[in-house]
Amino acid sequence: RQALRSVAGPEVDFARAEREHQLYVGVLRGKLGLQVLELPADESLPDCVFVEDVAVVCEETALLTRPGAPSRRKEVEAMKRVLRSLNLNIVEMVDENATLDGGDVLFTGREFFVGLSRRTNQRGAEILADTFKDYAVSTVPVHDSLHLKSFCSMAGPNLIAIGSSEAAQKALKTMQQMSDHRYDKLTVPDDAAANCIYLNIPSKGHVLLHRAPEEYPESAKVFEKLKDHMLIPIANTELEKVDGALTCCSVLINKTSEL
């Protein structure tokens, strides 16, 4: 009830949200064999399930963000403790003029695109660029969505999944103009379905978690054309009511560790 949402709508079915989240975690841990660290829920922070927004991790460095919504700033503390335990280089965003949500950060493997949205500003993007100096960082205006990744994400090593809305297509055009590299694109009818999770797992190859056919049937058909991928449909019906997407609920860290 207390989670932030950009539009009023039906109440979250808590039991169903829990089941969907357990399935999500179960896929990462059980089906894909990843090591999963779960942070304890904090009932005073209703958006804390969306861990992606409070940290950007690339290689051995973790940037703790300064979320755009003041009610979410305390979420960073739990994330800081767990990332420190993994011996990552921790960078904290302490500039009070900066805001950055991880949902606005698209890392393609060769560069960063940062959405300038209601939650992320230019100063936040500058601090990200200072933190990850080895990579080019370009900013993309985001107008009609909460985050940049509300309508796009990586669906493969060189493949950007993008929604069909005018705003999504305009943002993609900006990214293409900003980049020296030419990306392939996978256009799906539904913006929300363009948020998917791509993983390259040594024992499994190309893996893609995408929204379930019962939620977005036409977009699911597009993903099914990716014959080289292990495709795993995942429902996210309940958290979507409070602006949650598939990438929101995890921070992927490429590190072998005894957790």
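Heads up, residue numbers simply count up from 1 along the chain you see.
Cβ atoms are placed via backbone N, Cα and C, with glycine included.
Per TrEMBL, the features are:
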type	residues	note
BINDING	Leu4, Asp47, Glu52, Asp53, Arg72, Arg119, Val242	substrate binding site
ACT_SITE	His147	active site, proton donor
ACT_SITE	Cys248	active site, nucleophile
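Compute the center of the Cβ atoms of Leu4, Asp47, Glu52, Asp53, Arg72, Arg119, Val242, which mark the site for substrate; besides them, the chain residues with Cβ within 8 Å of that center are Ala3, Phe50, Pro67, Ala69, Asp101, Gly103, Asp243, Cys248. Cβ neighbour count for Arg72 (substrate binding site) (all protein chains, 10 Å cutoff from its Cβ): 21. Cα of Asp47 (substrate binding site) to Cα of His147 (active site, proton donor): a distance of 15 Å. You'll find the Cα of His147 (active site, proton donor) roughly 11 Å from the Cα of the residue listed as 'active site, nucleophile'. Rounded to the nearest whole angstrom, the C-alpha distance between Val242 (substrate binding site) and the residue listed as 'active site, nucleophile' is 11.
Each of the recorded positions Arg119, His147 was ranked by the number of other C-beta atoms within 10 Å, and first place falls to His147. Binding of substrate is attributed in the record to Leu4, Asp47, Glu52, Asp53, Arg72, Arg119, Val242, and the widest Cα separation among these residues amounts to 15 Å. There are 27 other Cβ atoms within 10 Å of the Cβ belonging to Asp53 (substrate binding site). Sequence-distant neighbours of Leu4 (substrate binding site): residues of the same chain at least 6 apart with a C-beta under 8 Å from its C-beta are Pro46, Asp47, Ala69, Ser71, Arg72, Val242, Asp243. Cys248 (active site, nucleophile) sits 5 Å from Glu52 (substrate binding site), taking the C-alpha atoms as the reference points. There are 25 other CB atoms within 10 A of the CB of the residue listed as 'active site, nucleophile', with all protein chains counted. Long-range C-beta contacts of Glu52 (substrate binding site), restricted to its own chain and to partners at least six residues apart, with a cutoff below 8 Å, comprise Gly102, Gly103, Thr247, Cys248, Cys249, Ser250, Val251.
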